[in-house]
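*Asks:* The following block contains the structure, expressed as structure tokens.
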Amino acid sequence: MSTDTAAPAKKRGSGLFQGLQKVGRSLQLPIAVLPAAGILNRLGQPDVFGDEGLKWHDVAAAFAGAGGAIFDNLPLLFCIGVAIGFAKKSDGSTALAALVGFLVYKNVLEAFPVHEAVVKAGEDTPAVYNDPGVLGGVLMGLIAAVVWQRYHRTKLVDWLGFFNGRRLVPIIMAFVGLVVGVAFTLVWGPIGDAITAFGEWMTGLGATGAGIFGLINRALIPVGMHQFLNTVAWFQLGDFTNASGDVVHGDIARFFAGDPSAGQFMSGFFPIMMFGLPAAALAIAHCAKPHRRKAVTGMMVSLALTSFVTGITEPIEFTFMFIAPVLYVVHAVLTAVSMAVTWTLGVHDGFSFSAGFIDYAINWSLATRPWLIIPIGLCFAAVYYVIFRFLIVKLDIKTPGREPDDEVEDLTK
């Protein structure tokens, strides 16, 4: 009888789940570009260098154009970023393949307008094309990554040897872009209508819709799949025609384009990231054992400042996410409440990176009633502190500074 143990069976669906997590991580690369777009766009606003500010019109136009270049090409940026982030051992040829595929795909879409352009005296109506937006860019990026991984080591016959390996992939992607573009012209109509209807439904829910988004957003962070939800809400849902006549999609692009109804899926994060979570960090520090309180306080103050200034919350959330799921559930519910409250009170704010003080200050004049975020945030800070401190003590949760001393000693050897 063999004593060899069989390898543990792979759980059904685990491969798919890991793949989705990898896609979610790949979305972080293009999203990292957005702070540059937000700052450039903000400097191009009238109250900075424009008519209402320093009246440096050319400077304002340059900044606005620079920021617009990023916002106007988000699908392309997501395509290239996702391709690089998703492919194993990707390099410049991965990005080139994604670029070639996307350019072909985009021009194929524009070859089949949904409504032809109409030219009349004094009134021109531009052609309307199928526009999958960022979702189309993400799909093309994923396809480019898969094609690159499959064919970047392919060797052809000797007389075609110049096109071996990495040089072959952009050629393949040109034809893939053609096929995907044609496919989208056939199927995007009902898909786009469904996304539009979903966006209108979520927007129509008002505060409830904002709260649902906040709850699901926080709930997906432990499994690393929140970027899927964010991509749809921030870059796809809703549309707004800016002053130049261009149609922009998604909560972020609409906010920076001046849409007064934008911010439903962003405003409520400011009270949580600037006030609520820092207060939770303070509660964790105060609940630490006396002989460890100084060290834990130093760490928690640093994490709290990171959350307040930049809106990066994961360092705080990971201090209690897995050791105390009940605290994370409370955090998710309070985020939902904050999203609903801010929307109910008419607060419309937005960010290019996250809901920290930097974005809050930079985008002050673009927001509606941003001053309300401070009193709302202070209220949430009090709620977070009281609930976290009560639950940590009541349930004896082993947050940082409350672990058994022998475990702490083992960890520091």
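Glycine too: its Cβ is placed from the backbone N, Cα and C atoms.
Values in this document were obtained by computation on a predicted structure and should not be read as measured data.
From TrEMBL, for reference:
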type: DOMAIN; residues: 14-404; note: domain 'PTS EIIC type-1'
type: TRANSMEM; residues: 59-87; note: transmembrane segment
type: TRANSMEM; residues: 94-112; note: transmembrane segment
type: TRANSMEM; residues: 132-148; note: transmembrane segment
type: TRANSMEM; residues: 168-191; note: transmembrane segment
type: TRANSMEM; residues: 268-288; note: transmembrane segment
type: TRANSMEM; residues: 295-312; note: transmembrane segment
type: TRANSMEM; residues: 318-343; note: transmembrane segment
type: TRANSMEM; residues: 372-392; note: transmembrane segment
*Asks:* Near the transmembrane segment (268-288), which same-chain residues lie under 8 Å Cβ to Cβ, leaving out any that are not at least 6 residues past its ends?
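*Replies:* Answer is 210-211, 214, 296-297, 300-301, 303-305, 307-308, 311, 313, 316-317, 319-320, 327, 331, 334-335, 338-343, 349, 351, 354-357, 360, 373, 376-385, 388-389, 392-393, 399-402.
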*Asks:* Using a Cβ cut-off under 8 Å, which residues of the same chain at least 6 positions beyond either end of the transmembrane segment (372-392) come close to it?
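*Replies:* Tertiary neighbours of the transmembrane segment (372-392) are 267, 270-272, 274-280, 282-284, 286-287, 324, 326-327, 330-331, 334, 338, 341-342, 345-347, 349, 360, 399, 402.
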*Asks:* Is it the case that the transmembrane segment (94-112) and the transmembrane segment (168-191) touch, counting contact as three or more CB pairs under 8 Å in which the residues of each pair are 6 or more positions apart?
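*Replies:* Contact between the transmembrane segment (94-112) and the transmembrane segment (168-191): present.
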*Asks:* Please indicate, using numbers and ranges, the residues of the same chain that are 6 or more beyond the transmembrane segment (132-148) and have a C-beta under 8 Å from a C-beta there.
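*Replies:* Here the qualifying positions are 23, 26-27, 74-84, 86-87, 90, 93-94, 97-98, 101-102, 105, 109, 169, 172-173, 176-177, 180, 184, 188, 191-192, 195, 231-232, 235-236, 249-250.
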*Asks:* Looking only at the domain 'PTS EIIC type-1' (14-404), what is the mean pLDDT?
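*Replies:* Residues in the domain 'PTS EIIC type-1' (14-404) carry a mean pLDDT of 88 in this prediction.
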